[in-house]
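Taken verbatim from TrEMBL:
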type	residues	note
DOMAIN	7-126	domain '6-phosphogluconate dehydrogenase NADP-binding'
DOMAIN	131-190	domain '6-phosphogluconate dehydrogenase NADP-binding'
DOMAIN	193-319	domain '3-hydroxyisobutyrate dehydrogenase-like NAD-binding'
Amino acid sequence: MASKTPVGFIGLGNMGNPMAKNLMKHGYPLIVYDVFPDVCKEFKEAGEQVASSPADVAEKADRIITMLPSSMNSVEVYSGANGILKKVKKGSLLIDSSTIDPSVSKELAKEVEKMGAVFMDAPVSGDCSDKQIQSSAERRELCVVGEQVDSGVGAARSGNLTFMVGGVEDEFAAAQELLGCMGSNVVYCGAVGTGQSAKICNNMLLAISMIGTAEAMNLGIRSGLDPKLLAKILNMSSGRCWSSDTYNPVPGVMHGVPSSNNYQGGFGTTLMAKDLGLAQDSATSTKTPILLGSLAHQIYRMMCSKGYSKKDFSSVFQYLREEETF
């Protein structure tokens, strides 16, 4: 077993915090940094080191994981004035689990390679559907731990994330050692950027299926069907999907999901719009038609402009119910 040398972790938000804690549970000492110092306090109290900047992390650790909100944040953390690349050691392994533009991952990889280090993109997904979890009710229980959270945060807490990894295949085993402490599935996708591409494709499909589920439920309800009965029928039929059986968008159909808590918590509409924008950019650069993906992007952008930006993305059901102009 590899020695438990310190691991750097940058970005301790809703996802990064529980991911870092799972590394701690597996015995890895941490060197942490976040742009908001307050979120580092509990790690300091637990005996972990708190760095003053990303560069400080790179000076003290040769394995670093970053979990950041956007492409811009990743560029700043790696290439900024106090970024990782200012102090990175030769041979260091840098793993970015942010969801960003694949082209940005590729550019960062080139910069990292010039410094003699290794960069891998490893964005995450979490549907709380581990093989050991048999029912939708059990999956929701893992997704919601004492409060309304989205499946990604729930899976981060329980260590059931899926990592989609892009980078040099010879370095995959080293990455897998760390990522396996935080996820139940660590999948090698190919060259740098392919992890991001896999994540973007997944979230585009999720958005499309959520809109489809919302439309089907809305149509059924307006046609006189009881929503719980309709959901039951869908989930025993060919229309069944994650959005219908685990994260249903209709209030009252399921307990412990955002739709039954006024769409609070969960995966925000703004974040879904961001990911769909990344899908749109990738589609443009690869000349790929994504007719439904583009429409989903426009719907979530409209939702953001009409007061839904902070609500869970399943609030598309509420948006469709209230919008009479279609």
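Cβ coordinates come from backbone N, Cα and C, glycine included.
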Averaged pLDDT, computed only over the residues in the domain '6-phosphogluconate dehydrogenase NADP-binding' (131-190):
77
Per-state residue totals over the domain '3-hydroxyisobutyrate dehydrogenase-like NAD-binding' (193-319) - DSSP helix, strand, coil:
85 helix, 2 strand, 40 coil
